[in-house]
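Student: Dumping the structure here so I can ask a few things about it.
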């Protein structure tokens with residue numbers, strides 16, 4: 001078995017559900033188990049472990065935050081029933097890459113908290129806090145579906161920005177590719193599409209499904225349904241991506257017209273102008289329909305991230321180093337995207353043959369993962 | 001305060017949620033509290049309490065199941081955040097009506113279990129079991145959203161049909177009206193529209209919302225949304241009612257294309273032919289759309305109830321007795337509808353000024369409820 005296969009097998013069972021996908025939500029038991037595993041791996045390598053008071057965990061070869069350190073790593077948390085590679089691949093690969101470079105290099109490995117936003121609603125929460133993009137008191141008050149706040153889950157108020165981020169020479173995150181754009185084992189990221197999440201509350205009048213005349217209804221499910229189709233159409237017309245993957249209904253009873261349907265719009269596009277036009281068009285179409293349905297719509301942006309262009313010179317350097325590895329953009333958000341505003345940042349992608357992601361079917365071959373480890377080792381050695 | 005107002009105040013707080021609506025699901029704590037209250041009311045009137053082994057509770061003036069007994073009553077359970085009148089009004093009115101008729105009359109008061117189907121998915125479960133319409137082993141295996149079976153909740157396997165139903169002289173259920181069709185305090189039911197619930201499972205391929213190209217998607221949320229709008233359109237064209245009020249999504253994450261969207265279609269029409277045509281048209285439209293979306297659809301009828309025409313002579317007799325009370329049909333299902341296939345059955349409706357039902361805003365005035373009690377007393381005295 002390869003080095004990768006052996007280390008990967010240690011964490012594969014943690015948080016795996018009957019679906020084959022993972023339930024590794026930030027600061028819940030499976031993710032806490034993975035953090036313990038992280039500390040154990042660091043100890044085996046005589047790496048110092050620190051946390052930043054925001055829920056992000058670091059293992060350091062050399063002094064923590066030593067000037068010129070290159071930071072790598074990723075996140076442990078998953079979407080509900082997501083794949084096992086999305087996040088953990090970057091952490092497992094980081095430990096294996098550190099084993100392959102000279103012992104005198106300053107390298108840090110990060111396990112960022114709440115990258116998916118699956119528990120507290122804001123993706124890249126840990127890196128946003130670390131870089132000061134997110135206000136700690138706002139983060140503290142975010143709640144999960146059971147009403148538990150981020151501060152409660154963390155056991156303390158998050159401490160927010162840490163200026164020592166500025167001492168890093170570079171950040172390099174390795175991640176499984178999440179589409180089918182990469183046909184070689186390893187690629188280099190050029191940019192992350194601007195993207196965001198908008199909560200849409202469609203409010204109507206709850207009533208009896210059997211007795212209320214069709215003409216007397218104010219049924220928000222109709223406005224919601226129209227909006228789902230409108231989002232799909234607008235995204236297709238603009239070459240953007242739009243998805244409604246999460247819904248809450250009140251009272252959610254078969255024989256009751258809903259009083260409220262809440263849907264979340266996830267939208268992404270190659271540039272900020274296109275993204276704004278797509279979201280505006282969806283909201284306009286939804287609002288017009290609400291007028292006809294006798295319902296109301298309120299839209300709340302929960303997180304909106306501008307386009308990230310990774311450091312062009314750094315990407316070119318890594319591509320050249322990795323035998324002209326392809327350079328490609330992605331529609332997925334990453335902690336590296338948040339850090340790129342503060343530190344020269346790059347990403348390495350490992351091939352995903354089917355492109356399936358955020359699903360139990362997500363997969364990368366052991367050979368490609370091993371190639372990813374080797375590429376990351378070459379990059380860390382080159383940059384330190 | 002009226003007799004009605006006093007007795008009503010005893011149960012008003014039980015199971016009331018912050019919404020002002022009620023969470024009185026069958027065999028859960030608030031409904032069990034209401035059953036205790038029922039036993040207490042029976043004891044105060046020297047009425048014998050029996051249960052039928054199916055979860056239905058009865059209070060008897062005279063011998064239980066004495067030939068010629070007239071059965072009244074209704075149900076305690078609610079839809080999620082439903083109104084307080086839907087069901088309990090018929091039970092409270094029954095006790096007050098019994099107080100107003102001679103003590104030698106044989107009357108039974110029923111509290112039927114799981115009328116709404118809000119916990120185990122099959123409405124009128126108690127009356128279906130009692131009359132043998134529902135197989136007890138199938139009912140035993142029905143589960144709620146937490147996986148608890150009906151048999152577990154009941155504490156035993158349900159016993160099924162009881163032939164003593166045939167000894168009843170008549171069944172009269174009093175219920176709040178659930179539309180705006182009744183403009184006088186009390187009316188008499190003519191018929192219940194045929195109606196049913198169809199579970200629609202839309203299956204697709206779960207994937208990443210950010211990275212999956214629009215053309216590569218198999219997004220079941222689109223097929224679901226199309227079907228919601230198609231159901232509304234078909235119902236309007238046919239003068240029927242169709243509603244999608246309950247949805248489940250897997251994995252229900254903002255940044256994941258769903259792998260499964262499950263929606264329930266509630267459909268009702270004035271006649272069985274129309275109902276069948278509406279449901280067929282919805283399924284045809286949904287299936288066509290699934291073909292275009294690359295998704296699949298499976299439809300499971302969870303309960304389908306044929307038209308109920310209440311005993312015409314009995315309805316006419318009650319209308320005449322109640323000063324020519326209006327006779328009107330309803331789109332809502334009731335235990336009385338199930339019993340009407342076995343016993344001469346009638347329903348009394350109490351006016352609902354706004355017509356709102358299955359919502360915290362459901363309301364009837366104390367004066368109209370008092371008129372309902374008086375009408376029920378006259379009917380019980382006349383029929384016994």
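Placed from the backbone N, Cα and C atoms, the Cβ positions cover glycine too.
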Student: Besides B:116, B:358, which of B:86, B:144, B:146 does TrEMBL list for that Zn(2+) 2 site?
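Tutor: Among B:86, B:144, B:146, only B:86 appears alongside B:116, B:358 as Zn(2+) 2-binding in TrEMBL.
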Student: In whole Å, how far is residue B:86 (Zn(2+) 1 binding site) from residue B:255 (allantoate binding site) when you measure between their Cα atoms?
Tutor: 40
Student: Among the binding-site residues B:175, B:358, point out the residue whose Cβ has the most other Cβ atoms within 10 Å, with all shown protein chains included in the count.
Tutor: B:358
Student: For residue B:197 (allantoate binding site) and residue B:116 (Zn(2+) 2 binding site), what Cα-Cα distance in Å is obtained after rounding to a whole number?
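Tutor: Residue B:197 (allantoate binding site) and residue B:116 (Zn(2+) 2 binding site) have their Cα atoms 12 Å apart.
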Student: Out of B:75, B:197, B:255, B:358, which binding-site residues come under 8 Å of chain A, measuring Cβ to Cβ?
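Tutor: Listed binding-site residues meeting the cut-off: B:197, B:255, B:358.
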Student: Quick one: pull the CA-CA distance for residue B:86 (Zn(2+) 1 binding site) versus residue B:116 (Zn(2+) 2 binding site), whole Å only.
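Tutor: Rounded to the nearest whole number, the Cα-Cα distance is 10 Å.
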Student: How many neighbouring Cβ atoms, not counting its own, are there within 10 Å of the Cβ of residue B:75 (Zn(2+) 1 binding site)?
Tutor: 30
Student: What is the one among the binding-site residues B:197, B:268 whose Cβ has the most other Cβ atoms less than or equal to 10 Å away?
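Tutor: Result of the Cβ crowding comparison: B:268.
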Student: Taking Cα atoms as reference points, rank the binding-site residues B:116, B:268, B:358 by distance from residue B:75 (Zn(2+) 1 binding site) and give the first.
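Tutor: Its closest listed neighbour, by Cα, is B:116.
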Student: Just to verify a number: CA distance, residue B:175 (Zn(2+) 1 binding site) to residue B:268 (allantoate binding site), in angstrom, no decimals.
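Tutor: Between the alpha carbons of residue B:175 (Zn(2+) 1 binding site) and residue B:268 (allantoate binding site) there are 19 Å.
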Student: Is it possible to get the count of other C-beta atoms within 10 angstroms of the C-beta of residue B:116 (Zn(2+) 2 binding site)?
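Tutor: Residue B:116 (Zn(2+) 2 binding site) is surrounded by 27 other Cβ atoms within 10 Å.
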